[in-house]
Amino acid sequence: MKKIAVLTSGGDAPGMNAAVRAVVRYGIKNGLEVIGVRRGYSGLIDGDFVKLEYKDVAGITEKGGTILRTSRCEEFKTEEGREAAAKQLKKHGIEGLVVIGGEGSLTGAHLLHEEHNIPVVGIPATIDNDIGLTDMCIGVDTCLNTVMDAIQKLKDTASSHERAFIVEVMGRHSGYIALMAGLVTGAEAIIIPEIPVDYSQLADRILQERRRGKINSIIVVAEGAASAYTVARHLEYRIGYETRITILGHVQRGGSPTAFDRRLALSMGVEAVEALLDGEADVMIALQGNKFVRVPIMEALSTKKTIDKKLYEIAHLLS
């Protein structure tokens, strides 16, 4: 193997740049030519390639986002789109591909290998932390710290004004960020897709706490469970006073990655290159315990990552 490519796809996650840096520099150290694919799978189809040298990735570990840019590519979901991508790889003599992204990106990588025998290795990068067989995905720790910091600031104003704040965080199918952020900030309630919410019971809890002298409340809701406005409507009707809504939105994706995310991304990038050099394909790099391992992409994607209900109960008890 003499030439490989790397791309970032789907929603950006803090730490993607660190992974790109590791792939580029470790690849070059092992005698490989490394090509960067701009704009994810869209760039792969269009042939938007750039040769990456050692100096091109200097100083990017601490930067959020992705220097390669990213996209969500509908065309790549079609057989014709994947065929066009495979032709571009073969045209440019690229013998292996590292894909950094979430569930959709990794599914695309698997199909590219299955249909066109392209050696691919996936690196899980998504703030939802919803990829199976890996303890953590790149970007999760940074996102969690961003959310925690925002909630702590909201608690200051909630206390000053004696208000209930509803904080909506990302998580279309997974409540991981909401659960962990709610736990570490002492939120009065956490609403996640995995566990049904009883608004009457929730309102009773808030009113009970208020009678005990708790003058402010923080309710953390994952976007996939309900919108903050829906939660506010249900609660205001039952508790009899106005709430305030904060939707954190895309701020959760940005920012300089934490030390944990940098280390995770750098290690996964190195392992991805080693996997290609070892002749492996259609695998994802995963963190299991304190070890980095290679697992089949579809096995990871078909393994449902469940919420730790004990943590949910602990968060409820400690609120």
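Placement of Cβ uses the backbone N, Cα and C atoms for every residue, glycine included.
Here is what Swiss-Prot records for this protein:
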ACT_SITE  Asp128  active site, proton acceptor
BINDING   Gly11, Arg72, Cys73, Gly102, Glu103, Gly104, Ser105  ATP binding site
BINDING   Arg21, Ala22, Val23, Val24, Arg25, Lys155, Gly186, Ala187, Glu188, Arg212, Lys214, Ile215, Asn216  ADP binding site
BINDING   Glu103  Mg(2+) binding site
BINDING   Thr126, Ile127, Asp128, Arg163, Met170, Gly171, Arg172, Glu223, Arg244, His250, Val251, Gln252, Arg253  substrate binding site
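Overlay of Swiss-Prot feature records on the structure.
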| residue | record | DSSP class |
| --- | --- | --- |
| Gly11 | ATP binding site | coil |
| Arg21 | ADP binding site | helix |
| Arg72 | ATP binding site | coil |
| Glu103 | ATP binding site | helix |
| Lys214 | ADP binding site | coil |
| Arg244 | substrate binding site | strand |
| Val251 | substrate binding site | helix |
Over all pairs within Thr126, Ile127, Asp128, Arg163, Met170, Gly171, Arg172, Glu223, Arg244, His250, Val251, Gln252, Arg253, the annotated substrate binders, what is the largest Cα to Cα distance, rounded to whole Å? 33
Starting from the Cβ of Arg244 (substrate binding site), draw a 10 Å sphere and report how many other Cβ atoms land inside it. 15
A correct count of other C-beta atoms within 10 Å of the C-beta of Arg253 (substrate binding site) gives 19
Per DSSP (helix/strand/coil reduction), Glu188 (ADP binding site) sits in coil
Are any of Arg25, Lys214, Asn216 (the binding-site residues) within 10 Å of Gly11 (ATP binding site) when you go C-alpha to C-alpha, and if so which? none
One finds that other Cβ atoms within 10 Å of the Cβ of Asn216 (ADP binding site) number exactly 19
Given the binding-site residues Glu103, Ser105, Lys214, Asn216, state which is nearest to Arg172 (substrate binding site) when distance is taken between Cα atoms. Glu103
With Cβ-Cβ distance below 8 Å and at least 6 positions apart along the chain, what are the contacts of Glu103 (ATP binding site)? List them in sequence order. Thr126, Asp130, Ile131, Leu301
Looking only at C-alpha atoms, tell me how far Arg72 (ATP binding site) is from Arg253 (substrate binding site), rounded to the nearest Å. 15
